[in-house]
Amino acid sequence: MAIGDDDLENRMSAKHHHRGIGSKGGDRTGFGPPPLVYSDLGGDASPQWTSWLVPMFVVANVAVFVVTMFVNNCPAHSHGPNRRCVATFLGRLSFEPLRGNPLFGPSSRTLEKLGSLEWDRVVEKHEGWRLLTCIWLHAGVIHLAANMLSLVFIGIRLEQQFGFVRIGVIYLLSGIGGSILSSLFVRNSISVGASGALFGLLGSMLSELLTNWTIYSNKIAALLTLLFVIAINLAIGILPHVDNFAHVGGFLTGFLLGFVLLARPQFKWLARENMPQGRRLTSKYKPYQYLLWLLSLALLVLGFVMALVLLFKGEDGNDHCRWCRYLRCIPTSRWSCDDV
């Protein structure tokens, strides 16, 4: 009698211990969803990689921020009682007055000079490179710290499980995808930050769970927790001056890339050496994984091509989607969205 996937999973679960994805001891510390639990197949199901790319991304972002503050040079252009720099003991690296930048960072002029995302520069002046450079810039220390903490807690675990190549591709393409969607809908302000790339990592976590659904035992709890985390973060994006279009664009890009890059082999393929010759699988992945791979890749390519064509034709996304403006800001009695 052929061995079914469920039977094999149950046997493996009874025979071997369990451990959490991303930590060899099943560690549940840190932010984000709890680790998924899978059946250990002699260590082959989830090889542990050494995480070095994500820490390098953190170092690079911090270094770029220091360079940004050096170029900003607040003391050189801030004079008068209402233009006093913050933390003047830092000298050239001191922050702009809080009235101009409450996040303890540089001026918008400096961010524009160094590569922030701005519609007219990308489209009218053909500076498409800003779609990439903006994800390395941050508006202030608070902005930088929040993003880097999220990157450490989300990215290191993913890199340990899937390696630096796949996670690096997801991070960079999600950041660019967020920049493209932001440029399509936001024309009257600049945008900086790695949030789109971070939402891409969250999106890839969701699609990784869905495409590898059959190999996990605590999948319902992990799914609900992950959806809650994503919903909370997207809800924060409706506050004024938060670029939620970059969040949504990054999330959708990462979600599709997760199906393409993060599928895991089915159990019987991993255990093929212990199975009789006539019962070994010839397919590494399940049919639905191949289907999701093809569909996601097609949607990803089509979405990028269409969005870039619309962007460089000068199309305004708000003309094609009247309600989409509420994804970025919802007016209330406490604030207005007229200037957003």
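Including glycine, each Cβ sits where the backbone N, Cα and C put it.
Taken from TrEMBL, the feature region 'Disordered' covers 1-28.
According to TrEMBL, the transmembrane segment annotation covers 52-71 (among others).
Taken from TrEMBL, the feature domain 'Peptidase S54 rhomboid' covers 126-263.
Below 8 angstroms of C-beta separation, residues 22, 30-32, 51, 54-55, 57-58, 60-62, 64-65, 68, 95, 101-106, 111, 114-116, 167, 171-172, 175-176, 178-179, 192-198, 201-202, 205 of the same chain, each at least six residues beyond the ends of the transmembrane segment (135-156), sit close to that stretch. Annotated transmembrane segment per TrEMBL: 135-156 (among others), in sequence order.
Within the chain, the transmembrane segment (168-186) has long-range Cβ neighbours (under 8 A, six or more residues past its boundaries) at 53, 57, 117, 119, 122-123, 130-132, 134-135, 155, 194-197, 199-201, 203-204, 243, 245-254, 257-258, 261, 303-304, 307-308, 310-311, 315-318, 321, 324-325, 328. Residues or ranges marked as transmembrane segment in TrEMBL: 168-186 (among others).
Among the features that TrEMBL reports, transmembrane segment is placed at 192-213 (among others).
Residues annotated as transmembrane segment in TrEMBL: 220-239 (among others).
Outside the transmembrane segment (245-263), and at least 6 residues removed from its termini, the chain residues within Cβ reach (under 8 Å) are 117, 162, 166, 169-170, 173-182, 184-186, 191, 193, 195-208, 210-212, 230, 233-234, 237, 285, 289, 292-293, 295-297, 299-300, 303, 324, 327-328. Positions annotated as transmembrane segment by TrEMBL: 245-263 (among others).
Panel annotation: around the transmembrane segment (290-312), residues 122-123, 128, 177, 180-181, 183-184, 207, 210-211, 252-253, 256-260, 263 of the same chain, lying at least six beyond its termini, place a Cβ under 8 Å from a Cβ of the stretch. The transmembrane segment annotation in TrEMBL covers 290-312 (among others).
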Using a Cβ-Cβ cut-off of under 8 Å, list the residues of the same chain that are 6+ residues beyond the ends of the transmembrane segment (192-213) and lie near it.
-> 33, 36, 61, 111, 116-117, 134-139, 143, 147, 150-151, 154-155, 158, 167, 170-175, 177-179, 182, 219, 222-223, 226-227, 229-230, 233, 243, 246-259, 261-264, 288-289, 292, 296
Across the domain 'Peptidase S54 rhomboid' (126-263), DSSP labelling yields 107 helix, 2 strand, 29 coil
